[in-house]
Amino acid sequence: MASCVFSAGNAFTASLSCAPAISASSSSSSCSSSMGRTLMSAAASANRLVILSCERRDFCGPLAARLLGPPTKFEASKLKVVFMGEEMEKQAPCTIQRAYTLTHCDFTANLTLAVSNTMHGNKLMGWQTTLNSDDVVAEWKKINEEISLHVHCYVSGSSLLQDLAAGFRYHIFSKELPLVLKAVVYGDSVLFGKHPELLEAKVWVYFHSKSKKYNRLECWGPLKDAMQIGAANYYHHAALELGHPQAASKCYDDDGRLKRTGTVLTASSHIITAVIGSGVLSLAWAVGQLGWVAGPAVMLLFSFVTYYTSSLLADCYRSGDPNTGKRNYTYMDAVRAYLDGFKVKLCGYLQYLNIVGVAIGYTIAASISMVAVKRSNCFHENGDDSPCVVNSNPYMIMFGVAQIVFSQIPDFDQIWWLSIVAAVMSFTYSSIGLALGIVQVIKNGGIRGSLTGISIGTVSQMDKVWRSLQAFGDIAFAYSYSIILIEIQDTIKAPPPSEAKVMKKATLVSVWITTIFYMLCGCMGYAAFGDLAPGNLLTGFGFYNPFWLLDIANVAIVVHLVGAYQVYCQPLFAFVEKWAAKRWPESGFIGKEIEVPLPGSRVYKLNLFRLTWRSAFVVVTTVVSMLLPFFNDVVGLLGAVGFWPLTVYFPVEMYIVHKKIEKWSTRWLCLQLLSIACLAITIASAAGSIAGVVSDLKVYKPFSG
C-alpha cells in the first residue's frame, strides 16, 4: 500500500490514513491512485511536514461521544433538497459540476441539502462567518482524469469551546458521515441516475482543525461503500459479510458495531436506575397489608424470582455459543430467535398493552404528585386540619397537554440526558421518603405495625384478602425490569468473560441493592404509620412537614414521569406509524409532512398522522386516568399483568429452547412449576387489584377529581 500525502498550502495541513484491503478482490478500494500520487507531489512544496499512517483507521473517539449511541439512520422524509442560484437552474441535471452544503436541525432532526454549481475556497477560509460550524460541505473534483468527492467538516478553530471539544466533534462527524453521503446520493438522485459510475468514486474527507491531531485528510474509499458503513469499519463489515469470523478490533465488536465497554458496575447501575421508580412509593402500603412477617418475605420472594428468571434470560442474549453466537439486541429479538410466530405476536401485544397501562399509571401518579404540592402548601398556610380539597383533573389535563407536545419530538427517547435526569429524580424522591420515614419513627418513639398486617376491624375480612393480593401486584410492579434486560446486556463488552456471566453478576448485585433499598423504604414507611400507611408515601399525607421537602420530592416525581412517559411510549408510537406507512404507502395524510418555520431559520416537519395519532393516544390515556385515578389499584394491576408473561413465562420458554431441555425431564418440570406458581400469583394479584378498582368505583364519581 502506497503512502498518501496531502498539503493544503497555507490554509490547512492534514494527514491521510489509508485502510489496507482484506484480499486482492477488495484492492479496488485502495487509496493509492493517480490522484493520490498528485496529492503526494503537492506535499513536496508544502511549508509543513505531514505525518503519514498507512495503518487501518480505527478511531474510537471520546467516551462521551460513544455514549450518544449508534449512527443516525437516514430517513428520506426528513431531507429537504434546495437547488441554489440561476446557474443551477440553467445547468443540465446530469452535469457533474456540483457542490453541496448539508445542514442539520438538532431539534427536529431534519436535514437540508443545498446543491450549487461550485464551492469557492474563501467559503472554507471564512467558515465561522459563512457557514454554521456543524454544516458539512462537499464538491466533485476531477484530478488527472479521476473524479472524486471531497467532503469538508469543521472540527474546531472558531472558539475555545470548539477547541476543547475537538475530539468529540471529530468522532461525531466520523460517525455521522455515512448519513451525509446518503443524503447527497438521495438528494441528487438525478445526477447519480445519469452517472452511476460516481458511486465508485473515491471519497476524501477533510477534517479542519487548529489541533494537529484532528487536522487531517482521510480516504474513505468508494462512495457506495463509504455511505453504507464508513471507512473505519468498512473492511471489518466486509469480512463479516463474506462469512469470515472477526475478532474484536480496537473499536469494533464481532458484529461490526462500536466496541461495547459495559461492565458489572455499569450494567448494575442501569438496572438500579430502571427498577427504582414510582413503584417504591407504594411499598409501605404493601407491607402494611401483609405485616412484618409476610411483607419482607414477599419482597425476598420476588427478588429471588426476578434474579433467577433474569439469569435465564441473560443466557438467551446469544443464540448458540455463549461467546461467539449471534447476538439478540432486544427482548423481542430474543423471543423471535427462540419461539414460534404465535408467541412472538403474543409477546408484542403484551408489551404494547403494558405500555398503555404504564402511560395511564404515570398520568395518575404525576397528577397525584402535583395535587400533593398544592395540598402541602395549603396545609402549611391553613393548618394540618384544613380540608384542602383539590381536584386532580386539571393536573391530569396539564400533564396530558405536556405529553402531546413532547410526543411530537422525533426520536425523543434518544436524548442522552433523559436517563440521567430520571435517575437523579427517582433517587431524590425515594431517598426523601426513606429519610422522612426514619424521622417519623424516631418522633413516634417506636415502631408501629403488627406481624399480620392491617387488622380486621380497620378493614373487613374480605377487604383484607383483596388488599393482601393487591400488595403482591404492587411489589411485582416495583421489581419489573426484565423487558429491558437484553438491551442492558447489549452494552456489556465482548467476552471473555461472556456477557451472560457478567450480566448474572450485575443482576445479583443490583437485585440485592434494590431489595435492601425497598426493604428500608417499605418497612420504614410501615414502621412510621402502621395500619395508616398511605398508598403513596409522599402524597397520602402521612407526612405534612417539612412542606418544602415534600414539594421537592413531588416535583422530582413529576419531572421523572414526564420523561419516563415518553421513553416508554415512543416504541409504540413508532410501531403504529411504521405499520400505517406500510399499510397505506400512497396516503398523503400518513406520509406528507408540512414545514413549520422555527426561530433561527429552522424548519419543523409536521406530519398530520403523527400529530393526530399521538395526540389521540395521549387524550385517551388521560381520559382513562381521569376515570380511574386510583394509584395503588392501577400499580397493582400493571405489576400483576406484566410480571408473569414478561418476567417469568417468556424467559423460561426461551431458556428451555436455548438449552434444549427435554420435555418431562426433572429440570423441565421444575421450570414449568415455577411458571405455573407465578401465574397463580399473577392471577390472584390481578383479582385483588380489580376488586380494589371496583370497590373504589362504588364511591367515586367520574371526573370529580
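Placed from the backbone N, Cα and C atoms, the Cβ positions cover glycine too.
Copied over from TrEMBL, here are the features:
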- 73-226: domain 'Staygreen protein' (DOMAIN)
- 260-694: domain 'Amino acid transporter transmembrane' (DOMAIN)
- 264-287: transmembrane segment (TRANSMEM)
- 293-317: transmembrane segment (TRANSMEM)
- 352-373: transmembrane segment (TRANSMEM)
- 415-439: transmembrane segment (TRANSMEM)
- 506-527: transmembrane segment (TRANSMEM)
- 547-568: transmembrane segment (TRANSMEM)
- 611-631: transmembrane segment (TRANSMEM)
- 637-657: transmembrane segment (TRANSMEM)
- 669-694: transmembrane segment (TRANSMEM)
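When each of 293-317, 547-568, 611-631, 637-657 is checked for Cβ pairs under 8 Å to the transmembrane segment (352-373), 547-568 comes out on top. Using a Cβ-Cβ cut-off under 8 Å and counting only residues 6 or more beyond its ends in the same chain, the transmembrane segment (669-694) has close neighbours at 305, 308, 465-473, 476, 628, 630, 632-634, 636-637, 639-641, 643-644, 647-649, 652, 655-656, 661. For the transmembrane segment (506-527), the residues of the chain that approach it from at least six positions outside its boundaries are 264-265, 267-269, 271-272, 275-276, 280, 283-288, 292, 295-296, 299-300, 303, 306-307, 310-311, 314, 430, 433-434, 437-438, 441, 447-449, 478-479, 485, 488, 492, 533, 537, 542, judged by C-beta separation under 8 angstroms. Long-range contacts of the transmembrane segment (637-657) within the same chain: residues 279, 305-306, 309-310, 312-313, 315-316, 331, 334-335, 337-339, 343, 346-347, 350-351, 353-354, 357-358, 361, 472-480, 482-483, 668, 671-672, 674-675, 678-679, 681-683, 685-686, 688-690, 693, each at least 6 residues beyond the stretch ends and with a Cβ under 8 Å from a Cβ of the stretch. Averaged over the domain 'Staygreen protein' (73-226), the predicted model has a pLDDT of 77.
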